[in-house]
Amino acid sequence: MTSSIVLKFFLIATLLVIANSLPACHNGQFLKINKGPNCDDAKYENPDYVIVGGGAAGSVLLDKCISYGYKCTLIERGIDYEDEQVVSQPSGSGLVQSSNAVLLTTTYPNSNIFNKTLVITEPNIIGGSTSINGEISVFTDIENFFEEISIPGWSYLDVLPYYLNVTNSVNRPSHQGAVDVTNTLVTDPKYVAFKAAIQQVFPNIHEKLPDMNTASLNGGFPGYGPPETSVKTSFIPIGDTQVPVSGFRESAYRAYIHPIRNHPNVRIMLRSRVDKVAFDKCGETAKKVFVTYQNYQGSDSQCELKAKKGIILSAGALRTPQILMQSGVGPADHLNELGIPVVSDMPDVGQHLDDHPTVVRTFLGIIPDSSISANIDGHAYWNHLDDPNKVPNWSIQISGFYGPNFKNILNVYMDQMSRGWIKLRSTDPADTPIFNLGHFSDLEDVGPASLGFNKTNQVISNLQYIPIPGLTDVVCPSFIPNCQSNLTEYYMAAYYQFGYSGYHYTGTCAFEKVVDPNTGLVYGFDNLYVVDASVFPKAPRGNTQIGTYAISAKLADIIFGCQ
């Protein structure tokens, strides 16, 4: 063997050793992977709190935890933010869906819609859904919403300060939140075209200026207006106009985690899945979490991690109930079927899954989109009865794509009665649960959804977009042969062909069913908390991102401020 060959083998072996020791646990300084089966590296030993999940909720919790002076370890299943550069691009939402930042799952067949299945897109990156979503930042119909759920301590006036303190908007200068948002300019030709199309169909609803969020604070959520997006944009003045010159996605990671990643009380474990929570003999105190972590070579190891004060599950409405059920907290019948010892029989864990049924059709636009914005050309919220005094139950959002100039038209039904559920597929935590979104399981939803869809089609025709074969036109399937002549059947055909999840999952660990809204504790436990969108009893009318930030901040003040 020549010396050059020996040298090559030596270099390859050295590179493999280095690669196998690449970090899976970061605090901004690339901490090395956990050693030992008990997470007994001094960097991770005995934090005050373990936070499971680094999405919108977990990011807020970590920031609040540090501000209250506690030592916290955040465990995140997904990859590092820097491992997938496309997530930073405001115009890259479409590209993200085919990247390593997402996990794709197929839902349980929907017997109400001819056994249709949907694709669920889950985040696989720190920052959670805020790193992969469409970047729409809307307060939603919070006044009506919190009045309807009617939980003491969670009125509109109780939560409003938290909503206001999430964002940093030029239109709300007295509130300097962590999440920078940018609103579409009213002079943007794409918004001008959207406004004209909306006004022709909905003469009774009003434009919300200077943006939807700010205007809605002064009364009445229904309307249309310049959308705010979670994009940090830089502008330069040209004459009297502010012209955007650069922008990046303002995810939960960038807003909350990145600024504190080097804090001495922060430890972050990436590529680390919490398999279950272990309890004391009485089944009342959460003692530790079992973690499976992965290095950059893909090798798995297991460890355990204890917390002095509490364990907070913030893995989202799809994964938090999975962890609870794997831990023996959930419907006893379901757990017994799988042979999981029941710690606490809680029938509502994984139930009441709410979402927004969405029909997405794609057209070719006329006005080009930008490479440095989220390209949300407009959004509107209304009641299908076209009454500005009625609570909105439908929305239309237009999402553009830089380059090919495609326009995704999102027709979103926001007030469904239907509910779904989540069940474990097996006792293996690596197995994706069974997700049943339950769209249209309550037939009362079909009528309003059909009428709302008809209205959005009128808006689309006014925009004069160009249809794209296979992506635009609704084709009547064999089992609905005359769908073109019936509004309800036409909507069902459109949903069957172009139906999607709204990705607005809530309800699976709901307040007053699973979680005490006064403490954030799972009922029956003294240090096991749930803080994420799963605690919403129903999906708010609109996107869930800002709402999740807000309720997480309120719960964080309750949890950390009362110790």
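Using the three backbone atoms N, Cα and C, a Cβ is placed for every residue, glycine included.
Copied over from Swiss-Prot:
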- 1-21: signal peptide (SIGNAL)
- 48-77: FAD binding site (BINDING)
- His504: active site, proton acceptor (ACT_SITE)
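Listed binding-site residues: Asp48, Glu76; maximum Cβ neighbour count within 10 Å falls on Glu76. Just so you know, of the binding-site residues Val52, Ala56, Cys72, the Cβ with the fewest other Cβ atoms around it within 10 Å is the one at Cys72. Residues within less than 8 Å, Cβ to Cβ, of Val60 (FAD binding site) and separated from it by at least 6 positions along the same chain comprise Ala252, Tyr256, Tyr549, Ser552, Ala553, Ala556. With every protein chain in view, the residue among the recorded positions Lys64, His504 whose Cβ has the most Cβ partners within 10 Å turns out to be His504. Within 10 Å of His504 (active site, proton acceptor), counting CA to CA, the binding-site residues Asp48, Ala56, Lys64, Tyr68, Cys72, Glu76 contribute nothing.
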